[in-house]
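Q: Let me begin by handing over the structure; questions about it come next.
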């Protein structure tokens, strides 16, 4: 999980080297987005029907292969291809990890183990800039991807040596099974959603740059095309019913849609913040990549600590809703405080504000994964702590339900990343013109976040405008964190829909009565 999470943040260090003309959301990230967003719901159906125990190992090997191709890349095209393959493997691994815990861990221990898994994912996600900065600065950017090979190799050996329990019984793999399963994979729905996501994200991407105006025929055409195909996709999904790539009946369950909204808003805050925090330390503070990564340690440790603490507390106390509210509020406050940073902000504030933000994002990772389970007899047992959405539905629907949850997380983070880029680019263009008139806004956008590059955009003889440039970067980042604060508020509101339930394991009333009868108590 940590290895799969790292490349998303390591890319912040590597993109300038692979594609030097841009550092922000580029074609590399766009392809990664499309791979993870559109394939996760499709791939999980293979887990339900064909691959079974070997699915996790298959995705691990795909992730390893993609990382190897990225490390050996000699061109942008080769690098993009490797990231697509690695993104495919990471998407399957994330869903597979939840399914493995659901089928392997006792129900009353699930929150703790899920918390541990989420903690490692947080560690990989947030530690990426630190590791990437160290490797890029002192070894080579290629080792940002080579490092995944031994990690994945160890995981592959460990999983290959044990039998992973199946959530539901599957037939042995055969040509006849494949022939019967393929028609149920909703390939047409997948084929409709892929171009919808591509055109929508491309419209946002292209509109944020200087190549196309928002009212240009290209941007309008992309938005219109995405909208039309989206309507066709929705109609097709309704027609397919429970066989759809995104089953409508599942989305009507309160626990499903509330968890999707809560989890998507929270993970979007985490990913976008991880992408933009290094920009403050490098572009504004003038630090090298390694030191900027070190300055992210406060949010790394606080998030890692609270993702485990929250799981343990939910297991002990039984109630997850208070932690959901606490997570949303803490994240919103933390993002709001970070938006107040200036070029002269002291270490006490940027450390403390990151801790508040990290505590919130860590506490929320566990909440959306705790929920009641329906017993085999159809009655609801509200006392069993479990991995949430996984056990809110029948066992046969667990992979699909988790795929829907992860699908919305992937898509929301993709959209949030693009929107944050749009906000930053627009704000930087405007602020540079106001606070550093002699500096070209296009030069500022192309400079990226490197400390030296940002300072080199100031023309000779106008060195006095450097504080204005730094102020413009600070204002632009402030607007991005306004977005994150708003997303955290959405997560807070959605957390109330998760329900107030005691998820601790309790002895059923019938068993208590039998125990009293055996003991002779009246």
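Glycine is treated like the rest: Cβ placed from N, Cα and C.
The structure displayed is predicted, hence computed values, not measured ones.
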Q: Out of 174-194, 321-341, let me know the one TrEMBL marks transmembrane segment.
A: 321-341
Q: Would you mind telling me which of 459-479, 480-500 TrEMBL tags as transmembrane segment?
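A: Transmembrane segment, as annotated by TrEMBL, spans 480-500.
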Q: Give the range, chosen from 53-74, 361-382, that TrEMBL lists as transmembrane segment.
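A: Among 53-74, 361-382, the range TrEMBL annotates as transmembrane segment is 53-74.
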Q: Taking the domain 'Major facilitator superfamily (MFS) profile' (1-503) alone, what is its mean pLDDT?
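A: That stretch averages a pLDDT of 76.
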